[in-house]
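Everything on this sheet refers to the single structure shown next.
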């Protein structure tokens, strides 16, 4: 029970941290782009990845973190995650440039639906529960309603926004798949992704001339701009780790819904701090519907977690009862069946072994030789029924179905 509580607290804490870091990074990046006209986005991405790679490598060499050294086998395990992570961050930065901050958040609110669909196709873990499905559909409808209130953005921003949602959903699902297929944790995943993506991002930053023209940017003379730039780099590293950790502990859909919950504050700050969008009635209605979907999702996930914990408690209950049974006490009482052959047969049985049978019954019912009473017999039968039910439940829960060769089984062997 204590481990279950710790797991829930850890999952909630990581989800909250992911929402805080993600929302802060979106606001600061939009502030850099809108207020200071900072357009060197590839440089931001390159410095974020290289900072994470150098920091984790230094901590690994000092022995402060348990991360295996980088190698080809390790890189091969996270190759798809590294590619999608790099592509997702690039598309996110480009969509922030072409869209207003509230409209960018509206696009991101479609992430749970896309993540759920890709997860069903890739992970093949079955359809989601009706509560989760209803929450995802309501959230997506709210995003579409809010998007109808703002169609003044850059067309390239809308294209990159759609692509960012698709790639981000695939990235989260692939993280969840990697967590099930490999033995490595989220810190190892971030280390491999950062080391693998840094050389490619360095080449891209020079190919886009961001690393060349960034030195002549006049905003470096403003200390506030420099502080915001450094904060974006550090918060970006923290957000990448919390994204991986939240997906490892919870799920891809839960991580995407964290973005939906934190977007309420992001939209509010975006409307107050930036004047590139006006809060229309459609936009406000969409945000309200979106928030309702988020609340329904939280309630549905809470009910699923509660039901799962009840199943685990029911499965663990017979083990505790078996441990309480002593060595000289049997789990149930054997009762003697009544005779079916009449009085003569019964008397013959008594003449042959009446005292012996009475002594056996006394030994079975009580180790001290006290005769059994009707109350103890009923209590023993109830306990035996309960134990039998729990044993059947454990067998059903732990059954693994195996493929059988029906041709060999049904083959008729010739008689000798």
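In case you wondered, yes, glycine gets a Cβ from its N, Cα and C as well.
Feature annotations, reproduced from Swiss-Prot:
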type	residues	note
COMPBIAS	339-352	compositional bias 'Gly residues'
REGION	334-384	region 'Disordered'
TRANSMEM	9-29	transmembrane segment
TRANSMEM	38-58	transmembrane segment
TRANSMEM	64-84	transmembrane segment
TRANSMEM	103-123	transmembrane segment
TRANSMEM	131-151	transmembrane segment
TRANSMEM	155-175	transmembrane segment
TRANSMEM	187-207	transmembrane segment
TRANSMEM	224-244	transmembrane segment
TRANSMEM	257-277	transmembrane segment
TRANSMEM	280-300	transmembrane segment
Contact yes or no, the transmembrane segment (224-244) and the transmembrane segment (103-123), 3+ Cβ pairs under 8 Å, gap 6+: no
Per Cβ pairs under 8 Å, the stretch of 64-84, 155-175, 187-207 packing most closely against the transmembrane segment (38-58): 187-207
Folded-back contacts onto the transmembrane segment (187-207), same chain, C-beta under 8 angstroms, at least six residues removed: 42-43, 45-46, 49-50, 52-53, 56-57, 60, 65, 67-68, 70, 74-75, 77-79, 81-82, 85-86, 175, 178, 240-241, 244, 248
